[in-house]
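Over in TrEMBL, the protein carries these features:
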| type | residues | note |
| --- | --- | --- |
| ACT_SITE | R305 | active site |
| BINDING | Q133, H135, E160, H286 | Zn(2+) binding site |
| DOMAIN | 5-176 | domain 'Phosphomannose isomerase type I catalytic' |
Amino acid sequence: MECVYRLLPTVNQYDWGKPSENSLVYLLFKNYLKLKFVKEWNLDLHGPFSELWLGTHPSSPSLVLPSGERDVTLGSFEASFEGISSDSSPFSRLGMHLSELFNKMNSTSTGLVRRNLLILLKVLSIQKPLSIQIHPDDKTAIELFTARYPGIVDNYSKPEMCIALSKFRAMCGFRDIFEIFKFSDKHDEFKKFLGKELTSSYSYSNPKTLYIEILNRVFFSPNLGELAEKLARRLKGFTDPDLPEAFFLALYNAYGPDNCVFFAFILNCFELEPGQALFIPPNTIHSYVSGDCVEIMKCSDNVIRCGLTSKPRDAKLCISLLEENLKNPSAKDFYVTPTKVSDYIFKYDPQDPVCNFTVWSFTLNPGDEDTFVSSNEPCLCIVLDSNPEVTFRLNPSPNCTTSPPQETFILKVDVGDCFLLSPNTELNAKNDHRLSGFKMYISSEKSSTTNVNT
């Protein structure tokens, strides 16, 4: 097996994505548009570019690119495909799916057959808030997948982590119950939305019961849109709305007078700066509101929607899962603080027992150099910022027992380049540019043997 493989990611064009001229996803993918077979995907180049996927999930699997020109960037591969006919699907023309490569890699090292990576790496560019949603736990995913439940396409749970690449807004988990009712004291429209019975009894009621009653109020009360409309008109006159008020307006501007826009006062509102991260366990109600992020998750595409969407929703199931798994909320518990492992590499390692992934950010200033050594698990990598003077040198690490020894790879890298690092690979990155920087993200399944050598 080789040290490194270039990969072709896939993209989605959901309506919540940023238009191409403003989309980080488009910026990362635009070099791939030079490839003849990608042109045949009929992407709307002026439409939204919402997600870039890197992984083996069958909903949108990555492909392995040719490896004949190891010292050049992706654009040089275009000529390799000029003579390819369009008789078969684009995927079959490239050689192999990433899942096939992973299977070969895994069977060589362990003797076991496992076709899929258990992680999925994405980049999101969000202009319009996503639906209010949860991702199921393993037990629920298996039950729903067996029952062919809409929106459940595999039998895995989906813990996930988002790392902000720009100012990034998200809602996640319930606020403290007293904080929710403070907003009802501040905004009479929200107080009327909750109703007199709730607002007069919260101080001595069971918090878990109150959360469920609030959800029932949001999902099943006759539309109280006139209250949302009235509050939106009033908030638009504020010169300096607080964060929940700004979230309310963002939801209202995107979806109009829907009951679910009041979630801005019910859920924790986060505004992340670049590099900050949130971990979202299964059965956690959440929504991404705006901005760019890297997202890493267990290899699943399961979602149960309960609001702010034209797609099928199941509020009763969401309430059932939330009621069964509701814990005392604390906004700070969702943050993931990265640890410094060298001057240039930071590690994001959520400690929740359901988390199966680790992520590293790798940033080089002009003139800097550092080395990352992968563990006994393969790594997915994406380059977010680069320049013509950045060079990768890849070798087997001292821990590698492959025989015969693998050869050294020298690569020039460009923005949007995606790779699979083989297990126990030493990646030395050097930035010889005098002005421009370099940044990439690396992810793998959890392991205790990944190293950094400065």
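Using the three backbone atoms N, Cα and C, a Cβ is placed for every residue, glycine included.
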Secondary structure of the residue listed as 'active site' (DSSP, helix/strand/coil):
strand
Taking DSSP as the reference, which of helix, strand or coil describes Q133 (Zn(2+) binding site)?
strand
For the domain 'Phosphomannose isomerase type I catalytic' (5-176), provide the mean pLDDT of the predicted model.
80
Other than Q133, H135, E160, H286, which residues of the same chain sit close to Zn(2+)? List them in sequence order, counting a residue when its Cβ is within 8 Å of the Cβ centroid of the site.
I134, K158, I280, P282, T284, V303
Specify the count of other C-beta atoms within 10 Å of the C-beta of the residue listed as 'active site'.
22
How many other Cβ atoms sit within 10 Å of the Cβ of H286 (Zn(2+) binding site)?
24
